[in-house]
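S.K.: So that we are looking at the same thing, I have put the structure below in structure tokens.
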Amino acid sequence: MKFVIVSKGDERSKTIKGTMKQYLTDFGLDYDEKYPDLVISVGGDGTFLEAFHRYIHCLKSTAFIGVHTGHLGFYADWVPDQVEKLIIEIAKTPFQIVEYPLLEVIIRSKSGGTEDKFLALNEATIKTAEGSVVFDVEIKGDHFETFRGDGLCVSTPSGSTAYNKALGGGIIHPSLEAIQLTEMASINNRVFRTIGSPLILPKHHTCLLKPLVDRSFLITIDHFTESYTNVKSIQCRVAKEQVRFARFKPFPFWDRVRDSFVTDDDSDSIKRSNS
Ligand code: NAP
Ligand code: MN
């Protein structure tokens, strides 16, 4: 099996990368930066996003795993203390694969020509540095609303705990193939009206955003930001591609949500049950 390790670059992550690389090659695995079967990210969720985009060309044949060297992450969910156990698991066992949905974004220009296509693991956001954005929002080919405000966020289920959550979006279990549309400060008055609630769209329900006022748009795909002018439309839907995670132990999504946002202290529930 071929593997690669993407590190955040800080001393702790670099040391863990060094140890893992050494042991795994000692176990007979090959280090391959081009076409790895397994991509190990060492750092945080941001590092994992980086690793995902670096190996986006071989999603079909590659599985990902994340070790966190800071706080518990959603993608980086292995603690450094368990690294030795993980190394043995990787070297010995054929691993289980869990697949999560991705978001496909296609940006078309008014001048025609080529379109830009992206895959996002967390989300895409559309904002502007020039006041507010004004879009016609179409869902499945029908006009839904005209949005005016700071911007829109379209997220994947696994990205629902990231930016989407800060915008008041719901947390979606990644076994659901869906995307979520959340508003950033929509203007609601006699002239402009939007739904206000986050919308959750199933597979094949394409969401099309058509700018009504020409602006220079700041479009983010996960941790990347690109500036676009002359935008005709931004199309978002559940991608046909998926991201594959290598699973060596169960760590249910809702446990990760609880441990990240509510509590990771078991004594809390004991206290509650005694009171
Ligand atoms: P960053 O500014 O370091 O990321 C912001 C935080 O989001 C970090 O704590 C990061 O974890 C965490 N995060 C990333 N993916 C997550 C997920 N799926 N679930 C829960 N938390 C997640 O920038 P970055 O590390 O390059 O990450 C880019 C992401 O930041 C974007 O995709 C977007 O989701 C998020 N973001 C959030 C806000 C907001 O909440 N207001 C604003 C802008 C961007 P680590 O510390 O482990 O990296
Ligand atoms: Mn980060």
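Glycine is treated like the rest: Cβ placed from N, Cα and C.
Nobody curates TrEMBL annotations by hand; they come from automatic prediction.
Quick caveat, the model's predicted, so the values are computed rather than measured.
Below are the features I grabbed from TrEMBL:
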- D45, G46, N122, E123, R148, D150, A185: NAD(+) binding site (BINDING)
- D45: active site, proton acceptor (ACT_SITE)
S.K.: May I ask which of the binding-site residues R148, D150, A185 have a CB within less than 6 Å of any atom of ligand 1, listed in sequence order?
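M.R.: Passing the 6 Å Cβ check against ligand 1: none.
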S.K.: Counting other Cβ atoms within 10 Å, pick out the least crowded of the binding-site residues D45, E123, D150.
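M.R.: If we count Cβ atoms within 10 Å for the binding-site residues D45, E123, D150, the smallest count is at D150.
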S.K.: Under 6 Å from ligand 2 by Cβ, which binding-site residues from G46, N122, E123, R148, D150, A185?
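M.R.: Listed by sequence, the hits are G46.
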S.K.: Under a three-state reading of DSSP, tell me whether R148 (NAD(+) binding site) is helix, strand or coil.
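M.R.: Assignment for R148 (NAD(+) binding site) reads strand.
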S.K.: For R148 (NAD(+) binding site), what is the tally of other C-beta atoms lying within 10 angstroms of its C-beta?
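M.R.: Other Cβ atoms found within 10 Å: 21.
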S.K.: Around N122 (NAD(+) binding site), how many other CB atoms lie within 10 A of its CB?
M.R.: 28
S.K.: Tell me the coarse DSSP state (helix, strand, coil) of D45 (NAD(+) binding site).
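M.R.: Looking at the DSSP assignment, D45 (NAD(+) binding site) belongs to a helix.
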S.K.: Let me spell it out: for each of the binding-site residues (G46, A185), count the other Cβ atoms within 10 Å of that residue's Cβ, using every protein chain shown. Which one has the most?
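M.R.: Of the binding-site residues G46, A185, the most buried by Cβ count within 10 Å is G46.
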S.K.: Should N122 (NAD(+) binding site) be counted as helix, strand, or coil on the basis of DSSP?
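M.R.: It is coil.
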S.K.: Rounded to a whole angstrom, what is the largest C-alpha distance between any two of the residues D45, G46, N122, E123, R148, D150, A185 that the record assigns to NAD(+)?
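M.R.: Looking at D45, G46, N122, E123, R148, D150, A185 as a set, their Cα atoms extend up to 31 Å apart.
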